[in-house]
Amino acid sequence: MSDKEDCYVSSSNDLVKDDDRCHHYHRILLEPQEKKNTDFKEYVVKKLKKNCCCSPAKAKNWILGFMPVLQWLPKYDLKKYLLGDIMSGLIVGILLVPQSIAYSLLAGQEPIYGLYTSFFAGIIYFLFGTSRHISVGIFGVLCLMIGEVVDREVHKAGYRMEYTAKPDIFNHINESVIIPPVNQTSGQICDKSCYAITVGTTVTFIAGVYQVAMGLFQVGFVSVYLSDALLSGFVTGTSFTILTSQAKYLLGLNIPRSSGVGSLITTWIYIFKNIHKTNLCDLITSLLCLLVLVPTKELNEHFKSKLKAPIPTELVVVVAATLASHFGKLNEKYGSSIAGHIPTGFLPPKAPDWNLIPNVAVDAIAISIIGFAITVSLSEMFAKKHGYIVKANQEMYAIGFCNIIPAFFHCFTTSAALAKTLVKESTGCQTQVSSVMTALILLLVLLVIAPLFYSLQKCVLGVITIVNLRGALRKFGDLPKMWRLSKMDTLIWFVTMLSSALISTEIGLLIGVCFSMFCVILRTQKPEAPILGHVEGSEIYESTCAYKNLQTEPGIKIFRFVAPLYYINKECFKSALYKKTISPVLVKAAQKKAAKRKLKEKMVTFSGFQDEVSMNLSSEPPELHTIVIDCSALQFLDTAGIQTLKEVRKDYADIGIQVLLAQCNPSVRSSLYRGEYCTKEEETLIFCSVHQAFCFALDLQKQKALRASNGLSTSTD
């Protein structure tokens, strides 16, 4: 690579005229920055000294960065923030009580564990989080993923279900009788509920470790592979699975929970096979709850700008349904399934089952990535809206610790949740103090109120879960707009949604990521490749297919390739270039045919279109003398791309056409020099702008014409 790079630029005094657009040039030498050749050992030592040295100031900064609460809490303005934080925290806490109980069923856990999860998540995020508005707690999609792992491991552990029918007026099948095996780690008898929360806490712990590790190694870029279209499709697809898993509670059916590939279809088959066993009491209760919850939810959204706080309809429904079930004795008379005993207080801490880690380590990968991606995207969205900054890396630590620490207190995986975050924002939330107020409401329930929900029907919890899916299912209404904006994003949404719903959540996410990456590759494999023309009286060059009244110069073609040039699209580049300009292969073939005919000295009568083309190409040289390749859209070149440019340049040089490169970015220019695209003498054929290359070609054409006319006049004399 040369020390200086040549660029031809037009003189500032030159005027662009219709008959003479480019006058003389003077050369400007661009001197590249010198790169320091730092030894790898020196680099590592320098980094270690920078990061490992300790001082009081650095220790203080590290502690404040690791626990942001120490930084912002001393500056907390009581008069300005406290009222809004108290109001939003209390309202979200009231809404969280029924949702925590409901989502516990989705995760395959007892109701008390959902309350534990919401309580601990709020406290820990208060200490480590940087977002002032998001609500961290139970999230439906993660609960579904946890529930699938729990069901699989419970089945593998040998917990089997025996159904014993007790005669009643609805011939209802009672709750399954669990035959508990001995816990392998403790040696004590552990029933199904005990083993289920053990599996849940183990998955949660591993997911949290993954998230903290991603923060330590700063690999938050993983979330960029989860586009908005992909996440939206994934959430909508899993919403169908969640709805399907809750349908049995609405009908009062006691059927096994399906998991794995095709679980949605399998569950509906089970439902229709057992539809005649529907518990009418549960069905009527479900319909009544739907008739109350859906309209009031719609009213809350319609009048959210006028209401100071949303109406806590879910809590009202839970209280009313619990009272009706208790005094109506619905469980004893009609066999209605109820929540059962919910203990008060906290259970003693318990470590996850380390023997289960190999079984659930792979499942925790998808859970950790989804939890992190949703938390960071919501944090950044609300931070941008309210004008403050969140640290994505710190958010990874925060959500990781929200999973690691609660895993020792009988909790399962958490993340930010959009619906509750919107409620916090709309009710005046100012800082993370609102999470503490929410935790206080949950603490009150855990210490005093929880046992009062003994008679609460499970069908009511199922209805609450389904009603909260409205937002995800409404994404279908956004599809026409998404289709108009980007057909590719709409296709990604559909593929991810269908695979997540019909196959499984983990495989659906993997298919969505792979298909999304395939679409990116597809866009670069067959990109736009237009011929450019210039706006008269200017130095602007644009596509002749996109804009009218653009000027072109006979003998000069300007070609733009709107993608990086690499091994996948190199053939597309060549075919598009040859199609839009002239194919050197056809020209060479025609010239060879003409040479053979001349050697044989035979007179041949040409018939047909191909012979006419060959005759024209061989008898006269092509009018095209210069091709300018606009490299402004080439982000990078690989070895195959450099070799392709070499081949193109050589092929055109063989038929008397020069190839000029224009507007290469420093990375592309560096790749060209390293790949020995041209010699030192030929470096002047790489231009800083399309207009400079165009003027160079035009000037060269005039010089050739002038020499040709001088030669003609000399021969005449």
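Every residue, even glycine, has its Cβ placed from backbone N, Cα and C.
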Stated TrEMBL location of transmembrane segment, expressed as one of 219-243, 544-568: 219-243
For the transmembrane segment (439-469): best-contacting stretch of 81-106, 194-213, 490-518, by Cβ pairs under 8 Å: 81-106
Among the ranges 81-106, 194-213, 250-271, 397-419, 490-518, the one whose Cβ pairs under 8 Å to the transmembrane segment (356-376) are most numerous: 194-213
Recorded stretch, among 81-106, 194-213, 250-271, 490-518, maximising Cβ pairs under 8 Å relative to the transmembrane segment (397-419): 194-213
For the transmembrane segment (194-213), distant same-chain residues with Cβ under 8 A (at least six beyond the ends): 107-110, 113, 146, 149-150, 153-154, 157, 159, 183, 350, 352-354, 356-357, 360-361, 363-365, 367-369, 371-372, 396-397, 399-408, 410-413
Tertiary contacts of the transmembrane segment (490-518) (same chain, 6+ residues out, Cβ under 8 Å): 141, 144-145, 148, 225-227, 229-230, 232-234, 236-238, 240-241, 259-265, 363, 366, 370, 475, 479, 482-483
